[in-house]
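Feature list (source: TrEMBL):
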TRANSMEM  A:9-32  transmembrane segment
TRANSMEM  A:69-89  transmembrane segment
TRANSMEM  A:101-118  transmembrane segment
TRANSMEM  A:138-159  transmembrane segment
TRANSMEM  A:171-199  transmembrane segment
TRANSMEM  A:205-223  transmembrane segment
Amino acid sequence: MNLNLFDQFLVPQLLGMPLLIPAMLLTTVLIYNPQDRWLSNPLTTLQSWLIAKATKQIMTPVNKPGHKWSLMLISLLTMLILNNLLGLLPYTFTPTTQLSMNMALALPLWLATVLIGLRNKPTSSLAHLLPEGTPTPLIPILILIETISLLIRPIALAVRLTANLTAGHLLLHLISTAALSLMTTSTLLAGLTLIILTLLMLLEIAVAMIQAYVFTLLLSLYLQENV
Amino acid sequence: MPQLNPEPWLMILSITWLVLITTLQPKIASLKFMNSPSSPAQKTTKTWPWPQI
């Protein structure tokens, strides 16, 4: 039973070739290229509008030097949203359930923000280790705590995304298995389980988009502190 | 948990960054910087909604 549930998170392979490569590349096919006309078709316009809205939302609090990061952060947001949402379709593989992918994204980007802060304004970025108005006896302990919280940020970012998506997928699997096996024994209970499944599916769609947004937002917050 | 198996980690790592840098960033960049090409000769003036023949 346990093995069946976790099998969905194995990287799929076909004759030795990892299917992760088309799984990640084919999500990029869904993004329309810009058209060489004054007014594009409605879907392209909608996509451009959404990207512009997301850019404004995420990059407004960041100051001017940090706007160099807008391309990186918006591509990251797009990649995470697409991967998360497409993983909700049946029989698809969600790359963002892999801890390795999320660590690969979180660790270098967090480290980049820390190094930028230490290089450009070292006193200001080190000052973040001590909140304002701390009573004097608490200062050593608080610096320790703040350093630990700084170092744990990439792990938290990666594990938050992985755990949310993994847990959601596992729950969907469990409840759908329960609904299927209840169909033969008690139809009423199966119906109730299906209602729960529908609500859970709606929640998972929301979680998929929110988690991608939270990942990018937190990175932009770390950038704001340091740039 | 299969996610903690370190075997596919290097492949997943490299594919993630490859896809992000080589595929997604140029696509998003093409949507953001639509009329600022590298050379002035490539700049296209937007014509009236229907293409002029």
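Placement of Cβ uses the backbone N, Cα and C atoms for every residue, glycine included.
Remember, TrEMBL labels are computer predictions, not curated facts.
Predicted, not measured: the structure shown is a model, and the values here were computed from it.
By the Cβ criterion (under 8 Å, sequence separation of 6 or more), the transmembrane segment (A:205-223) is not in contact with the transmembrane segment (A:9-32), since fewer than 3 such pairs are found. Of the candidate ranges A:9-32, A:69-89, A:171-199, A:69-89 has the most C-beta pairs within less than 8 angstroms of the transmembrane segment (A:101-118).
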